[in-house]
Amino acid sequence: MKITLIAVGTKMPSWVTTGFEEYQRRFPKDMPFELIEIPAGKRGKNADIKRILEQEGKAMLAACGKGKVVTLDIPGKPWTTPQLAEQLEAWKNDGCDVCLLIGGPEGLSPECKAAAEQSWSLSPLTLPHPLVRVVVAESLYRAWSLTTNHPYHRE
């Protein structure tokens, strides 16, 4: 199983790249974890946000290919670490790749939401999209460590 994090936005601050890569490199070889960045549409005071969301959404879904789509969205389902570990095992047992989608400043397109088999909420708070990359990477690594009895996670 491969996990792909597909996120709108490029040129992240160095702390985001460093934080994400720290957890990415810890993943086992049999569960690769990759990041695909989708360039954000140009936004301005006269920007057609609906069109921008549609373009970003199409690019995200195209990057996902045949993987199971899971959106990261405030109205999604919150998972505890043990629940995320169970979810990780279920995805692994399904034998399919998983694509986690992080939208841009206005969120995800309706097409992305419609394509999603699941929606995961990290928090009822609105989080900065760059920070979400690091939180997701750490959360997935922690969940993996729980499934393998690795000492990283402690109750």
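Every residue gets a Cβ built from N, Cα and C, even glycine.
Annotation comment: Swiss-Prot describes LEU72, GLY103, LEU122, SER123, PRO124, LEU125, THR126, LEU127 as S-adenosyl-L-methionine binding site. Of all the Cβ atoms in the protein chains shown, 18 others lie within 10 Å of the Cβ of LEU122 (S-adenosyl-L-methionine binding site).
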>> Please identify, from the binding-site residues LEU72, LEU125, LEU127, the residue with the sparsest Cβ neighbourhood, meaning fewest other Cβ atoms within 10 angstroms.
In response: LEU125
>> I want to check the contact list for SER123 (S-adenosyl-L-methionine binding site): same chain, sequence separation of six or more, C-beta distance under 8 angstroms. What comes out?
In response: ILE74, PRO78
>> List every residue in the same chain as PRO124 (S-adenosyl-L-methionine binding site), at least 6 positions away in sequence, whose Cβ is under 8 Å from its Cβ.
In response: ILE74, PRO78
> For THR126 (S-adenosyl-L-methionine binding site), what residues in its own chain, 6 or more apart in sequence, show a Cβ-Cβ distance under 8 Å?
Replying inline: ILE74
> Once near-sequence residues are set aside, which residues in the chain of GLY103 (S-adenosyl-L-methionine binding site), 6 or more away, have Cβ atoms under 8 Å from its Cβ?
Replying inline: VAL8, LEU53, GLU56, THR71, LEU72, ASP73, SER109, CYS112, HIS129
